[in-house]
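Notes follow once the structure below has been shown.
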C-alpha cells in the first residue's frame, strides 16, 4: 500500500478541481490557457489540503522509529518492537516512503508560488486587455504589472536589508529563500485570519437560517429586487456600448485600415446586435480621411475591452435571474406544500430539464414531501449545531495553541492522544476533518466575496476569466499559511511545540523561521488571536451594517429599505410567475387543440391533397377548360384555411398583457378595439 493512498488522492483531487472549475467556468468560450492555469492553481491548493494528513501520520511513524532506534530493539516484519516495554510501531496503511514527500512538497509549493506571484497576475492583465494582437496584449499586461511587481520587489528588498544589516545573521541562500517564504506566508496569514473570522460564524449561521423557510423566501425576494436593478443596469450599459459600436462600424468602412479591428469587436457582440448592424452597413462607400474624423486604434482597444465586459455582465445577469426565479418558485412551493393533507409534493411548474429516471423512481412526490417539509429543516439545524461546535473549538485553539505546558489546543490534545496508541486511522481522520473545516471556512468566503463587479465567482459557467484567475491567485496565497496554521494548532510544527522532534516534510521545505524572530515569535503566534474580534463582529453583522450605512443595500431584518426591497422583489416574482403560467396555459391549449382536431385536419388535408392531385392531372389533360384553375384555386384556399386554423395560437383576452417582452412590444401590442398587432397579415400568412 506504500504510495497507493498518495496516488488515489492525487487522482481524486484532480477530478474534484475539474468539477468545480466546470461549474464556475466555461470550457467552450474561455481561452484554454485561462482554464489550464486556473485548474492547475485550484488543483495544487486542494492537493495540499488532502495530502497533508498523510504527511502527519508518516511523520509520527518516523518519530516512533527514531525513538526505537535509540533503544535496544528487534525488528519484526512491518513493525518495530521495543525490547524493554514491548512497544510496537505499526506502519500506517498510507505510509509514504522516505524521500518522496520532500520532493513532492517542493514541486507543489514552488509551482503554486510561481503561479500566484508571476504567471496569474500577468494572465489577468492579458485577459482584460482589449488589444487586437498577441503583441499588443502582452505589452499592455507588462505595463499594468510593472507597478505590481515593483511593489513586491520593494517589500522583499526591505526584508533583505533588515537581514543584511543585522550582524547576527550571515546571509546565505537558504536564509534568503526563507525570507521570501516568510514574506509570502505573512501576507497570506494576514488575509487568512480575515476570511477565517467571517467563515467560522457565517457558515453555521447560514445552515441554521437554511432551516427557516420564511427567512429564505424573504431573502430571495430581496435578492430579486437587487438583481433586477443590476440586470436593468447591465442592459442599459450594453445598449450604450452597442450604440457606440454601431457608430464606429458605420464610420469605419470596409477598406479602412482599422476595419479588421472593428470586425473583431463585432464578433464579440451578441448575435441580434450583429444582424442589426449588418443590415445598416453601406460598404459600397469608400472612406475619405480628409473629410471625416475616425477613431484611433487606442480608442478601439478601449471599446473592445468595454464590449467584452458588458456582454459578459449582461449574460451573467440573465442566467442569474432565471436561477433566482427557479429558487423563488421552489421556496413558494415548499411553503404551500407544508400544509398539504395528501403529503405529496406538488410543483407549480414542471422542470424544464429532463429528470433522471432512476432519481424519479426513488425520489417520489411522497419522499420529496417528507424530505423538503419535515426532514430537511431538522437536518440543517443539526448540521448547524455541529459546525458551530467546530467553530468554537477552532477559536479556542487559535487563542491557546502557543501554550505547550499545559497543552490547551484541543486539536493538539486529540492528536497526542492518538499518537500514544499509534492509531493512524484516527490521526488521519482528525487531521483531515480539521484542515477540511478550516479550508471550507476560508475557501467558501473566497467564493462568496464580491468586489463590486471586478471579482465575482458566479456558478452555472458565468464567471469571467479575470475572476477565475484572481481566485487561483487567492487560493495559492492562502493555502500555505493555512497549512502552517493547522500544523501549529496540532503542535506538529517544531517552532510552536519547541520540541526537538522530527518535523513534517511540509515544514522542512519552509526552512527555519528563526531567521526572522519577530515574525516567528510574534506575528505567527499572536496575530491569529484577532479571529476572536472578527467572529464577534461577524456575529453582530457589523460589516453588513457599515455597508448599509454607506449606501450598499444589505439584507437586514430591522431596516425599512430592506422591507421595501422585499415587497418589490415579491411583486417581481409574482409578475414572472403570471407570465410563465400564461405561457404554459398557451402551450396546453395548443396541445389540446392538436389532440382534438389534429386527426380530423390530417384527414381533411389528405382529401384536399388527393383532390388537388386529381384536378391537376385533369387540368393537364384538359388544359383548354378554364374551370380547372378555379377548382385548384378553391382547393388551395381550403387547404390554407385549415393550416391557419391549426397554426393559429389561441388568444387570452383576460391576460394583463399579450407580451411582456419589451423588445417585442412593437409587434405584439393590444389595440383598444380587441385586435392584436401580432395577428397582422405579415405574421399570419408567412407559411401561405
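Every residue gets a Cβ built from N, Cα and C, even glycine.
Small disclaimer: the values here were computed from a predicted structure and weren't measured.
Long-range Cβ contacts of the coiled coil (224-251) within its own chain (Cβ-Cβ under 8 Å, at least 6 residues beyond either end) map to 262, 265-266, 269-270, 273, 276-277, 280-282, 292, 294-295, 300, 303, 306-307, 310-311, 313-314, 316-318, 320-321, 324-325, 328, 553, 565-566, 568-569, 572-573. As annotated by TrEMBL, coiled coil applies to 224-251.
What TrEMBL records for 582-617 (among others) is compositional bias 'Basic and acidic residues'.
Per TrEMBL, compositional bias 'Polar residues' is recorded for 618-634.
Under the heading compositional bias 'Basic and acidic residues', TrEMBL lists 635-644 (among others).
Under the heading region 'Disordered', TrEMBL lists 576-688.
Annotation comment: TrEMBL describes 6-21 (among others) as transmembrane segment.
Per TrEMBL, transmembrane segment is recorded for 33-52 (among others). Tertiary neighbourhood of the transmembrane segment (33-52): same-chain residues 6, 9-10, 12-14, 16-18, 20-21, 25, 27, 104, 108-109, 111-112, 115-116, 119-120, 123, 127, 431-432, 435-436, 439, 465, 468-469, 471-473, 475-476, 478-480, 482-483, 486-487, 506, selected by CB-CB distance under 8 Å and a gap of 6+ residues from either end.
According to TrEMBL, the feature transmembrane segment maps to 103-126 (among others).
If you look up TrEMBL, you'll see 146-165 (among others) marked as transmembrane segment.
The transmembrane segment annotation in TrEMBL covers 177-201 (among others). The list of residues near the transmembrane segment (177-201) in space but at least 6 beyond its ends in sequence, with Cβ under 8 angstroms from a Cβ of it, reads 113, 117, 155-156, 159-160, 163, 391, 394-395, 438, 440-442, 444-446, 449, 474, 477-482, 484-485, 510-513, 515-516, 519, 523-524, 527-528, 530-531, 533-535, 537-539, 543.
Feature annotation from TrEMBL assigns transmembrane segment to 378-396 (among others).
According to TrEMBL, the feature transmembrane segment maps to 425-446 (among others).
Same-chain neighbours of the transmembrane segment (523-542): 186, 189-190, 193-194, 196-198, 200-202, 205, 391, 394-395, 398-399, 401-402, 484-485, 488, 495-496, 513, 556, counting only residues six or more beyond its ends whose CB sits under 8 Å from a CB of the stretch. The feature transmembrane segment is assigned by TrEMBL to 523-542 (among others).
A contact between the transmembrane segment (378-396) and the transmembrane segment (425-446) is present, since 3 or more of their C-beta pairs, 6 or more residues apart, lie under 8 Å.
Within the same chain, residues 49-50, 52-54, 56-57, 60, 92-94, 192, 195-196, 198-200, 202-203, 387, 390-391, 394, 411, 414-415, 418-419, 457, 471, 474-475, 478, 482-483, 485-486, 489-490 sit at least 6 positions outside the transmembrane segment (425-446) and bring their C-beta atoms closer than 8 Å to a C-beta of that stretch.
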